[in-house]
Ligand SMILES: Nc1ncnc2c1ncn2[C@@H]1O[C@H](COP(=O)(O)OP(=O)(O)OP(=O)(O)O)[C@@H](O)[C@H]1O
Ligand SMILES: [Mg+2]
């Protein structure tokens, strides 16, 4: 009781457990890493000079930025019209499309990367098709080049571009467009002068998000690219695993971090300036807030179904110039959805292949790769380990992240902004840097190569997702309900259990699901801290993809494509189910 | 509602809560009265009385409530009235315990509540947005305060039934709050605040979200509930009509300070400041008229004359003098505007450099003045008030 009262007075304390874990596992190590990169205690730039003095490094650095920037740009060019058409669509259609975008987002990216190997490989789908039709005489070199890197990266990142765009576009007051039209603006002018500027926050957050992930995420480029397409993060990862020269790794990490920070602050600071009221929500350049962004969009959408409807009606009014949208829009959307989802189907078919090696379409059907998965302890034990880690991460990060969100929602605005930024650091900066820092942190704790270590490594990121999603729910939570409960003699604990918790439960469950997905799919950090003694499923898949390219990985991948369906059902049950009430209250307030 | 029906209701309620404060303890859960915390304010033993002692609340640079002193008698219906941002809600939240005073002290029943957290203060609160729990049915909402007091299920059901009856919501008990209309939600909120029989009732703009008709109806409801239950009630509003009809006393706040505290009648008839005179009803400030204002009383320095529009008579310039002409002051002006408002006619008359408002009850055979007409205004000198500027 005493403790509760004190917490009531200083709610920021609730964020301390999360901050403590973060500090030990990531915060202190990254500061040390920085000092090491500066050759502390002598302080020199020798490491950086050495790094930048090698032309090969400069080339990789430039290439990293180039690949990231182009991938981001392509995502934007495809994602913006997609989001636009989605938002203009009727509500059921939009919901269906959102589900189709979220499914690949929730699917193991290793499974999706593998799909592209199947599609682009020498005996893959495209080459076999072309050969079949006699269009080519020998297989084309479609994979292990820059093009394949872009195709794969755009495929992986596209949902993360579309979701923030949709969430921002849905919030745009559509009557503004009508107003512009009523003032004589032509459709395109109305779009360009009114809609586009208002959608810029979505463009910024989506682009930053994708760009920063591209910087640190080397798995897909490494799997689909050639030797000349290596990213800086690939080098860092390789160095951690082979020649552990902390100073050199540190310098490389901080060069990468510096690029991210420069880009973030160029676009990111501007972003926070344009968004009034220090909303956490607006920090949407965080890697992977799209689920939350979409969620937020969904909430934001509720109060204005009427306006949106009117707007959509207006948009589709059989006016001459707008008719093109009716044909081109759906066709374009269909293409994008095919690009997003087709690889998953390919993987599922591949998993029933009877051949002994990668070949598509398969020459016969069999269950051999499923048998190989369930018959090989290395595989199913890896799956079991991953589930164990995932459950532990989910519990730990849900508790820590929820407490942090509760504490931050009650803290003073400045403290809230600062601490939110701190808690979200692990999911805001290139993941390879987080991996290196966490690796050092776990060495100090003696936890490298242990499941506990991996749990902590995953938790620092996962609790960020939980904190973001729960914060979004709390932003919609009326604090007066708590006051009402207290005025009825409910103590702090009773108030929380009886009022706060039931009302923010959808957010907590959503956060827990994303925490699990994060842990279940993590490979970059895991590969650094596993110390080759713990094998998780993604690690095993990664190894398999790199070395044998044995279709067992297809069986695993197709099993993994089933998971998002489970997540969607879980999300449906927690989020959609709580919706009718909200809708009713709106129609009630209107009537 | 007629008096006899009120009495009947009262009797039936009395049966349910015979000596309510005593039953609250007696019907408590097995753990019994010891379950109640020590610092609980025992409602039966000490008369509820609220006292603000020089309470100040600042948010950074801004002062929301400034040196507020106020005491509320037991059973009184006190309204806090003031423009937006004047600190009304803050004052209420200070009392409820959701906001801690920066300076000063608040006493309830003679005891400082500085150390008493909100959930031990035992006050029924109706929030502006009602704050009904959206995840609980009407019945579960109403049971909540009883559960928190450890009252058994049977007794809870009985009390909920009776209060639902009282607020005419019997059939609605299994609805969710979102399935109720604004007025129904408001009644549930009132019922929830009353059901556990707290000695003090706090209402924060309880009728703010309702339309005019419903608001008048609910005013009657609140008034009769207050008569029945006799709870010390503090109500925040910026609706002056609501304040005038409901309250025993009204506190007018301005920029965090109390401007005047009085009964509705005194406040309207003898406002002490220009702000109060203007805020509560309409006021003619007698300045820049081109002549000195006469009054029976001497004019204190730093004040200005004021007269209510309904105290001013309007007549044609040629009309003969009245019998009490020697007790009246006259002014000649021109009609600037006329507004017809059903039973009333409102004239704006330019006298000297200022506009005076005159309110005339419509009667047959009355002369109607047009724009630009020259008219004679007159009023009793004893009706002139002096208000601080
Ligand atoms: N939590 C807060 N932080 C900073 N300033 C606040 C806070 N709460 C209230 N204030 C300020 O204190 C002043 C009084 O606010 P309060 O809510 O008491 O006004 P009010 O009289 O209830 O107004 P209204 O009629 O609009 O509800 C306002 O200027 C407000 O901006
Ligand atoms: Mg208020």
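Yeah, the Cβs are placed from backbone N, Cα and C, and that goes for glycine too.
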In TrEMBL, which of A:454-475, A:520-541 is labelled transmembrane segment? A:454-475
Counting Cβ pairs under 8 Å to the transmembrane segment (A:12-35), which of A:147-172, A:208-227, A:247-269 comes out on top? A:247-269
Decide whether the stretches the transmembrane segment (A:247-269) and the transmembrane segment (A:114-135) have at least 3 CB pairs under 8 angstroms, with pairs required to be 6 or more apart in sequence. no
Which one, A:60-80, A:114-135, A:208-227, has the most C-beta pairs under 8 Å toward the transmembrane segment (A:332-358)? A:114-135
Sequence-distant contacts of the transmembrane segment (A:208-227), meaning Cβ under 8 Å and at least 6 residues beyond its ends, amount to 64-65, 67-69, 71-72, 75-76, 109-110, 113-114, 116-117, 120, 143-146, 148-149, 151-153, 156-157, 160-161, 164, 233-234, 237, 256, 259-260, 263-264, 267-268, 271, 284-290, 428-434, 523-524, 542, 545-546
